[in-house]
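Pulled from TrEMBL:
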| type | residues | note |
| --- | --- | --- |
| DOMAIN | 7-186 | domain 'Guanylate kinase-like' |
| BINDING | Gly14, Phe15, Ser16, Gly17, Ala18, Gly19, Lys20, Gly21 | ATP binding site |
Amino acid sequence: MSDQKRGILTIISGFSGAGKGTVVGRLLEKYPERYKLSISATTRSPRNGEEHGVHYFFKSDEEFQQMIENDAFLEYAQYVEHSYGTPRQYVEENLAAGYDVLLEIEQQGAFAVKKAVPEAILIFLTPPTIEELERRLRNRKTESDDVIASRLAQACAEAAHVDQYDYIVINDEVEHCVDAVNRLIETEHQRTQFNGAKIQELQRDLQPYRKGE
């Protein structure tokens, strides 16, 4: 990734069943030279097939607490008995190398990261309709009616804050959604705030043509 501009952190969240993981996975498959996945740190034990530094950074409770004290997380939270966090250094290193970093995270964490990294992009994914959302949840065939009802209630709560995102993208068809997200990120790269070096170059090269004051 030599001679590349600094990458952009893209935070992707959405309703459970919106297809966030599928879309992020396809972006990584389709554009491996452009995107890197933000890898979370966790205190839980590795599951079968999980590798340190690939799926998660596995940490002891003491190591995780030390990272908190060192301000090493963009955000962190506890779920059930285990802690999860987004390591600041891993994200920063990949952004500096020119990669656009994708962070799939729930809403509360998304807003925390946006506060820590104001220039990050916040994207909310949603199915075209709530009927479609419920259909997708039921088609998983892994959850009871009570769990599905709970997920829809959570979606209702999350919908109240969607206006805080930069973009909302409808995931009607996966490839169309992947292309839409990719185009949004490409467009963000054209913002003046991400092109300071080019602006300075233009100003410098035009100095010989400056009229006397």
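For all residues, glycine too, the Cβ spot is worked out from N, Cα and C.
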Lowest local Cβ density among Phe15, Ser16, Ala18, Gly21, which the record lists as binding-site residues, within 10 Å: Gly21
Three-state secondary structure, which DSSP defines for Gly21 (ATP binding site): helix
Cβ-Cβ under 8 Å from Gly17 (ATP binding site), same chain, 6 or more residues apart: which ones? Pro127, Leu133, Arg136, Leu137, Arg140, Arg151
Confidence over the domain 'Guanylate kinase-like' (7-186), expressed as mean pLDDT on the 0 to 100 scale, is 95
Per DSSP, three-state class assigned to Gly14 (ATP binding site): strand
Minimal Cβ count within 10 Å, across the binding-site residues Gly14, Gly19, points to Gly19
For Lys20 (ATP binding site): intrachain residues, at least 6 apart, with Cβ closer than 8 Å: Ile12, Ser13, Gly14, Glu104, Leu125
For the recorded ATP site formed by Gly14, Phe15, Ser16, Gly17, Ala18, Gly19, Lys20, Gly21, which further same-chain residues have Cβ atoms within 8 Å of the site's Cβ center? Leu125, Thr126, Pro127, Asn171
